[in-house]
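A short worksheet on the structure shown next.
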């Protein structure tokens with residue numbers, strides 16, 4: 001049975017600026033990884049979390065799996081960026097659409113995600129293979145977005161060619177549906193990610 005929507009949480013970054021093991025850094029009493037996981041769980045969206053190889057120890061893995069009972073995967077090849085994480089997620093779960101979220105955005109909320117998902121019917125009519133929030137200045141949020149399973153063959157080809165692994169390059173083949181970022185959240189705070197120890201402390 002094919003699920004309509006599944007989630008992919010990208011947790012493959014090294015997180016060197018935050019001291020490593022970024023998904024399990026504590027922010028306001030919760031691991032960073034718990035924020036997107038809690039939202040997906042609350043919406044009953046099945047999801048997979050993709051980690052970098054050797055990035056978490058067995059105790060962390062066990063604790064996370066016990067809490068969320070989700071699937072986990074690891075980057076098949078290191079150093080390929082978020083495209084590899086999306087590829088791994090799409091291979092693990094059988095869904096028509098995938099909502100891709102980063103592990104380091106603690107301000108994500110349920111309403112914003114529901115608004116993003118509400119655009120699927122428009123994308124289906126227009127043959128868009130992805131739905132991407134876009135800011136007024138043209139900046140896009142490709143890691144807080146939806147990708148259709150039909151994009152998997154394109155993604156496979158790009159990774160196999162290994163010439164341009166930019167996510168913008170990938171999106172250029174997908175006839176993207178751009179939606180206004182402020183329509184998801186007027187403050188745009190949901191897109192703020194935590195990259196350093198200072199940001200971890202300042203934002204508490």
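Residue positions begin at 1 at the first shown residue.
In case you wondered, yes, glycine gets a Cβ from its N, Cα and C as well.
What Swiss-Prot records for the GTP site is 10, 11, 12, 22, 75, and among 38, 57, 104 the residue it adds there is 104. Residues within less than 8 Å, Cβ to Cβ, of residue 75 (GTP binding site) and separated from it by at least 6 positions along the same chain comprise 12, 50, 51, 52, 53, 84, 85, 88. Neighbour count (other Cβ atoms within 10 Å of the Cβ, all protein chains): 26 for residue 12 (GTP binding site). Our reading of the GTP binding annotation (10, 11, 12, 22, 75, 104) yields a largest Cα to Cα distance of 18 angstrom. Classification of residue 22 (GTP binding site) by DSSP places it within a helix.
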